[in-house]
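Engineer: Here's a structure for you.
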C-alpha cells in the first residue's frame, strides 16, 4: 500500500468556504492519496482557502503564505484557492512567486489538474453542473454542510462576492437530497444548508429542472430519515415572505435561529448599498418572526461608516438594534473592496468616526446580550453535543443556537440531551444534564 501524502489546509471566511475545503479534501484523498495533517512542516501540499469580503483576510493571505513558504519542507507545493484567488488570479504569483497554483471559488473541482500542472490558474466562472459533483468528506460526523446554491445576484455596492462567485445558480434538488440522505445515513443528525441568499433558492438553475422554492426544499429535507435538525445561512431579508416565515416557524425540524443581515438601519444608506429593502420592511419581518416564533434567536450583520453615513443614519441603525435586540451581531467598519461601486464613492467616512460608531454599537449590543444571557438562567434546552472541550467537558448547540457547555465525555457526542442552564455567560451557557 502506498504511503499517503500529507495535506495542510487553512480555511478563511464563511461556512461556504468550510464546505469548499471539505470538497477539496475529499477530491485529494480519493484521487491523489492525500490525508490531512495539522503540521505544516510535514505537508506535501499546503492550501489556503481564502476570503475577500473585507480587506483584512486578503492581507492575512499574503502574510500566511509567506510564513508557510519559510516553514514548508523541500518539494512541498503551495496553492491558493477561494474568493481572493478569484479576484486576483495570476496577480497572486506576482505578490507571492512561490505559490504553485491559483484556483477560484468556482473552480475547486479542478484541484487535481491544478496540482499536476505548473503555475496553473483557473478563475473562470461558468455554470457547468458537473462542478456540483465532488468527493464526499465531512469535517464533523455530527452535522453536514450542504450547498444548495452558488453565486449571488444582489450586486450590493460594497460587496465583491458576485465577482468572485458569479451569478446566483440553484443546485437541483435531487443532488441536494442525495447528499442529505447520504449524510443522514452516516449519522449526521444536523443538516446545514449553505448559499449567499438561501431563501431565494429555485429562481434560476443552470439547466432544465423542477422549479421549487426554499420553503418547499426545507420541507423535503425535513422528511429525510435521520435528519433531526436543519439550519441554514444566509437568508436575505428581501425574500422573507410569509410562506417562508410560516415554514420556518412551524416545521419542527428547523432550528429556531434566523440570520437577518441588516447592514444598516438607514433607508438612505440601504438605498446606497442597493440592499433592496427598507428599514420598515426589515422591522416588519423581524417583529413578525418574534411574534410567530417566540423562542427564535435572531443574528445580524451590520456595517458602520458606509460612505455617506451621517450621525442620523447611524442613529437609525441603533434604533433597529434597540427594537429587535439581536441575540448575536457581527459588526464591522466599512471595508472598501476594489471594483465595487462603493469604493469610488466620494463621501467616505473618517476612520476615527467609524471607530467611534463601531465602539458605540458594540458596547450597546454587549449590554443587550448581557440581558439576554441573564434571562437564560435556570432555563432548560435540548442540546446537540458535537465537541469535546478541556477539563472533561462537552459543548453543543441548543435548538435556537445558544452554545452550551457541560461536564461530560466523548460518549455524549452525537446525542441530544436536556440541559439546565446554571451559569450563563456571554459566549457560552454552562449547565447540567438533567
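Cβ coordinates are placed from backbone N, Cα and C, and glycine is handled just like the others.
This is the feature table in Swiss-Prot:
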- 14, 51, 83: [4Fe-4S] cluster 1 binding site (BINDING)
- 152, 156, 159: [4Fe-4S] cluster 2 binding site (BINDING)
- 5-120: domain 'MTTase N-terminal' (DOMAIN)
- 138-371: domain 'Radical SAM core' (DOMAIN)
- 374-434: domain 'TRAM' (DOMAIN)
Engineer: Can you name the residues of this chain that are 6 or more positions from residue 152 ([4Fe-4S] cluster 2 binding site) yet have a C-beta less than 8 Å from its C-beta?
Structural biologist: 159, 161, 162, 165, 167, 168, 196, 197
Engineer: Can you check what DSSP calls residue 159 ([4Fe-4S] cluster 2 binding site), collapsed to helix, strand or coil?
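Structural biologist: Note: residue 159 ([4Fe-4S] cluster 2 binding site) is coil by DSSP, not helix or strand.
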Engineer: Across the whole of the domain 'Radical SAM core' (138-371), what does the mean pLDDT come to? Round it, please.
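Structural biologist: Reported value for the domain 'Radical SAM core' (138-371) is a mean pLDDT of 95.
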Engineer: Within 8 Å of the centroid of the Cβ atoms of 152, 156, 159, which other residues of that chain place their own Cβ, given that this set defines the recorded [4Fe-4S] cluster 2 site?
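Structural biologist: Same chain, not in 152, 156, 159, Cβ within 8 Å: 154, 155, 158, 160, 161, 162, 196.
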Engineer: Could you state the CA-to-CA distance between residue 14 ([4Fe-4S] cluster 1 binding site) and residue 156 ([4Fe-4S] cluster 2 binding site) to the nearest Å?
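Structural biologist: Answer for this pair: 18 Å between alpha carbons.
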Engineer: Out of 14, 51, 83, 156, 159, which has the highest number of nearby Cβ atoms, where nearby means within 10 Å of its Cβ, if these are the binding-site residues?
Structural biologist: 83
Engineer: In the same chain, which residues outside the set 14, 51, 83 have their CB within 8 A of the centroid of the CB atoms that define the [4Fe-4S] cluster 1 site?
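Structural biologist: Result: 12, 13, 16, 17, 50, 52, 53, 57, 82, 84, 105, 161, 164.
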Engineer: Cα-Cα separation of residue 51 ([4Fe-4S] cluster 1 binding site) and residue 156 ([4Fe-4S] cluster 2 binding site), in Å?
Structural biologist: 17
Engineer: Taking only the Cα atoms, work out how far residue 156 ([4Fe-4S] cluster 2 binding site) lies from residue 83 ([4Fe-4S] cluster 1 binding site), in Å, as a whole number.
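Structural biologist: Just about 16 Å between their Cα atoms.
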